[in-house]
Amino acid sequence: MKDLLNLLKNQGQVEEFDAIRIGLASPEMIRSWSFGEVKKPETINYRTFKPERDGLFCAKIFGPVKDYECLCGKYKRLKHRGVICEKCGVEVALAKVRRERMAHIELASPVAHIWFLKSLPSRIGLLMDMTLRDIERVLYFESYVVIDPGMTTLEKGQLLNDEQYFEALEEFGDDFDARMGAEAVRELLHAIDLEHEIGRLREEIPQTNSETKIKKLSKRLKLMEAFQGSGNLPEWMVLTVLPVLPPDLRPLVPLDGGRFATSDLNDLYRRVINRNNRLKRLLDLSAPDIIVRNEKRMLQEAVDALLDNGRRGRAITGSNKRPLKSLADMIKGKQGRFRQNLLGKRVDYSGRSVITVGPTLRLHQCGLPKKMALELFKPFIFGKLEMRGLATTIKAAKKMVERELPEVWDVLAEVIREHPVLLNRAPTLHRLGIQAFEPVLIEGKAIQLHPLVCAAYNADFDGDQMAVHVPLTLEAQLEARALMMSTNNILSPANGEPIIVPSQDVVLGLYYMTREAINAKGEGRVFADLQEVDRVFRAGEAALHAKIKVRINETVNDRDGNSVNNTRIVDTTVGRALLFQVVPKGLSFDVVNLPMKKKAISKLINQCYRVVGLKETVIFADQLMYTGFAYSTISGVSIGVNDFVIPDEKARIIGAATDEVKEIESQYASGLVTQGEKYNKVIDLWSKANDEVSKAMMANLSKEKVIDRHGDEVEQESFNSMYMMADSGARGSAAQIRQLAGMRGLMAKPDGSIIETPITANFREGLSVLQYFISTHGARKGLADTALKTANSGYLTRRLVDVAQDLVVTEIDCGTEHGLLMTPHIEGGDVVEPLGERVLGRVIARDVFKPGTEDVIVPAGTLVDEKWVEFIELNSIDEVIVRSPISCETRYGICAKCYGRDLARGHQVNIGEAVGVIAAQSIGEPGTQLTMRTFHIGGAASRTSAADSVQVKNGGTVRLHNLKHVERVDGNLVAVSRSGELAIADDFGRERERYKLPYGAVISVKEGDKVDAGAIVAKWDPHTHPIVTEMKGTVTYVGMEEGITIKRQTDELTGMTNIEVLDAKDRPAAGKDIRPAVKMVDDNGKDLLLPGTDVIAQYFLPANALVGVADGAKIAIGDVIARIPQETSKTRDITGGLPRVADLFEARRPKEASILAEVSGTIAFGKETKGKRRLVITPNDGSDPYEELIPKWRHLNVFEGEQVNRGEVISDGPSDPHDILRLLGVSALAKYIVNEIQDVYRLQGVKINDKHIETILRQMLRKVEISESGDSSFIKGDQMELTHVLVENERLNAEDKFVSKFTRVLLGITKASLSTESFISAASFQETTRVLTEAAVTGKRDYLRGLKENVVVGRLIPAGTGLAYHSERKRRRDADKPLRVSASEVEAALTEALNSSGN
């Protein structure tokens, strides 16, 4: 009976827990874990292979080596369980207790724990307020530290070297206590009175003025409060007892040949035990101090190496000269405990094989080789065979399966029916890398994959392998079928567009069947219905491309969603009529009445999904594929060398270019142009020539002449095989055809610069040796790039997933009214992304009014779908405030309204959706497509001439946005602000284009004017920066003395004289401090004031300014007083591609970032200091002026006396996101980062929805910095979680106390991941040691809210179906609280019941 009870006891349910706390272990605690002390360094006996007693593998301490058998063999078998053998002292138990039981080593002298000593910032150092260097000198026995000064002049914590110590001894005798080593440190830590220290620090902080000191004090204060709050004692950072890991976690395995393979930990432990025992002996013998000291130091080093080898000094190496793997190395890195065993586990019931095409499969099927299926579904087959009575035992069933009897195959077919399997292709970059399919048994050994899912897997059939996994439990099968089935994943989660889109052969076939040809057989016939067309085509009476008329019946949905039948006669071709047969009801014939290129097919599937739903779309996609394959086979499209038609104009174009290049070469030789100009001109020339050749070639390829049925010669689109492939989007592009039939063009060197001599040949003509050599140069770089890119992109994805992993949709609506203002994304005047596309799938945050009225046309809280988008565009709305993940106020997670539509499903997102991970995958997955290189704006890569005017593309009405301007005498406006924009709106009031207007631009239209397309509405000189007057008057020169501050220059060509202001460093001593200016006076010579201010109207002239007005001249409003020549923009590398995305997400400050105005006010320049200008902004509200020093070489956009607004650009350069956040707020930052990241992806043609980037941004903006602590417990300058601060402020508000004030902080993704609330998540990401050290000292609790923490502790994740499980568990536990019974009570009750039943 007792055995039964014990069994029950052992089977006890794992304790349910809500949080995991990490802390420091006290010596008592370490002893309480221990099952005995390890006293000897021996491991096992080399003859008997039995563990030595009291050694590192001792069976008495750790438990038996064999199940239920003591070491000497006296007690064997289960009946003796729990007996302790009197001979060998081993308890009879399961051998697996050797994985759980720990031991300890009593250290003869205390030892500092290296993590708390060396992991920066040193915790021991902070607490004791000593530098790490000093503490190390004490610990490693180089100097003494005063512990108790007694009545002497020494101070507590003072360091003494040997000499000073002996002097002090002579002077004071035994009045003071100074020691060295870890015991001294332990004494000092023990003596710290936390409460007293905390009080002292809290008083001290407000009284100090120096920033650095405040920082240091608040760091100490934080640490002390952490110790006080967590119940850890400071002296526990010094070890007096060392725990020993269970032996089966550091195994010793005999190899053949009498050698052993051992874990490095055993060596490290042996070293510690040896030194510890030697030290004990020396202390017993009371050996000389110097020997003991040396031994103590060696013990300290041995323990250091065991805990974290290599952290201090040289790493201890084993016999093979490799550093030994210490405890810290066991848990960190890719091979460490976290990433290898806790986050990534191996999967049972899986197989892998090569994939081949399965063109006959349905979308939800995959072909599974019989051999594989038999192995994967073995347990199910055994069960079925037994159930059927075909086999009596499992053993018999096994035999049947091994012999592969015919009934086994029948049973297999039955088992497999409707049992989905998961197919996965590595690398799994997004969630579509694992999908579920129903298996179909096939012969052969390769898995068959449906061609349409290849895009999602990024798979091709050149030898790719895929893995198959079997979902075993009913729940797993259910989830696989309902959520992961390939038919449920038609849309891409990244952008909401179909990802099940035909490509290659299928596209070619569909394109071929929907093309029209002139004068094909059967042209002009009229058919009664589609069936008739089909019959005539099969009979060979009409060609596939013939133009015909057909009467069709279509069912279309009208605006209200009701289906309407429609009969009409349409002009079409035979192929299109045939294709319409597979189109589902509800779509109009117009969707197929055009040549089906790849984009058109994608649109068709998208429309099908939105109009007729999922099921029809899946059937339709399959039908499209079958049709496409059939007709691409019939088409017989193939390429021969004669398809590459070389244009006749090629030779002429190349000849002309060569002549021009010769001309430039001769100019260079005679010194008329510089090397750089020559290079740029030549490259420009060749790129132009290349474009001309390719234009001629495409014109040649794309058209062919045919005879129509009237006998005339007409042109039609070509049926050239290569042209059809490129035009349909099946394979190849114009650029590739250009290399085959045009000219290869300019080649790049590995550093991105372009080689001057182009390759004039194409692949049809063949390359010469030199040409081939030139082209290999850049091609190798491409391959090397790809390898690097994959690794970098993977690392970016990992950081993104880590920062966003705990973001899950946790509620329907957080009730916020905030959001982001959405406007169309306009670049260089073009609308790149219309408003409709940007708000699709978002929830409107505030009512949208009809322009110019008070009528609400879109109420707040509307989820914008395709119909609403049409409606918004019809009503010409050009800005909408939408809910956004950034402004969501849900505390943990995010609400469904702020996220909007689940892109992969097309409806509002469900609670439990792991939107953070989806966002990270959507951004990271296309990472490999981005380029690695930084673009040189040089050569032909991407050179644009500087813009000098605005020419409108569409006619419409002019709108001017935040433009300050003055009106000139001739009626034109002159811009006097920097951020002005000019927009053109159409008749509906929709903005079609938008242009930036620089300072000094002359605008020839006014607000509300009508302009025609092509009109030039503004002009400026791109190479100079004007200074414009805002009033009329007479010019007076101030401080402009020739030869001292200015020099006169006469232009040789025009004979005009200019006055140029000299740079301060070129002036004679007399002119160094004079600041030349132009002052405006009225006719009586009185100073004029700037309009609306009491500032004298004088314009200070910067160095090199050219003054164009004479002293005493009369000028009018808007005239230019002076021009500052602008250096032509230096060719700086623009970081593009992947590195740019990484920089933005890491929130790195760019080099030479643009300088923004910190406050709104008036600009003035103060006294210059060495090499810097002093910029002073006087705020308009009369507060203190703001000063900033700016290096002289920075080009400033502002002049003395000018008004700027907070956040306006003062000096150009790349923007610093931190500045944008600080000065312009969260929404400006969101707009900037979203646009910048989208620009990189758009360049590669990748579509990602904005909300994914916003989701990551939300995680980067989690933290705030406390600027005033109010009555809260926060310290000024602390970084806290935003939600934490808001909750605390709510509490303070309720108690009528002062709340804390804070500013938002932007963290890069790596930093944000490391500073999450969960230490498990942070530790498993990077810098494991540092994270765990900090968490242990502060006694952190991890509430397991994210996904990663739950995976690590082995639970379901709180997302998707797991979220329901977690909330249900919580609900049950809350209901059960009072009913909790302790285990001992249950045991007592059971025992009593059993005893009373008479045993």
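Glycine residues also receive a Cβ, built from the backbone N, Cα and C atoms like all the rest.
What you see is a predicted model, and the numbers here were worked out from it, not measured in a lab.
Under DSSP, C88 (Zn(2+) 1 binding site) is assigned to coil, being neither helix nor strand in the three-state scheme. Cβ contacts within 10 Å of C88 (Zn(2+) 1 binding site), excluding its own Cβ and spanning all protein chains shown: 17. Per Swiss-Prot, Zn(2+) 1 binding site is recorded for C70, C72, C85, C88, and the stated evidence type is sequence analysis.
The Cβ of D462 (Mg(2+) binding site) lies under 8 Å from the Cβ of no residue that sits 6+ residues away along the same chain. The feature Mg(2+) binding site is assigned by Swiss-Prot to D460, D462, D464.
Around the Cβ of C895 (Zn(2+) 2 binding site), a 10 Å sphere holds 22 further Cβ atoms from the protein chains shown. Annotated Zn(2+) 2 binding site per Swiss-Prot: C814, C888, C895, C898, in sequence order, evidence recorded as sequence analysis.
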*asked:* Most Cβ neighbours within 10 Å: which of the binding-site residues C72, C85, C814, C888 is it?
replied: C888
*Round to the nearest Å and give the CA-to-CA distance linking C898 (Zn(2+) 2 binding site) with D464 (Mg(2+) binding site).*
40
*For D460 (Mg(2+) binding site), list the number of other Cβ atoms lying within 10 Å of its Cβ atom.*
11
*Around D464 (Mg(2+) binding site), how many other C-beta atoms are within 10 angstroms of its C-beta?*
17
*List only the single closest residue to C72 (Zn(2+) 1 binding site), chosen from the binding-site residues D460, D464, C814, C888 by CA-CA distance.*
D464
*From the binding-site residues C70, C85, C88, D464, pick the residue whose C-alpha lies nearest to the C-alpha of C814 (Zn(2+) 2 binding site).*
D464
*Rounded to an integer, what is the Cα-Cα distance in Å between C85 (Zn(2+) 1 binding site) and D464 (Mg(2+) binding site)?*
59
*For C70 (Zn(2+) 1 binding site), just count the other CB atoms lying within 10 A of its CB, please.*
25
*Taking the recorded Zn(2+) 1 site as C70, C72, C85, C88, identify the other residues of that chain whose CB atom sits within 8 Å of the mean position of the site's CB atoms, giving them in sequence order.*
A59, L71, G73, K74, Y75, E86, K87, G89, V90
*Whole-number Å only: compute the distance from the Cα of C888 (Zn(2+) 2 binding site) to the Cα of D460 (Mg(2+) binding site).*
41
*Closest of the binding-site residues to C70 (Zn(2+) 1 binding site), Cα to Cα, picking from D460, D464, C895?*
D464
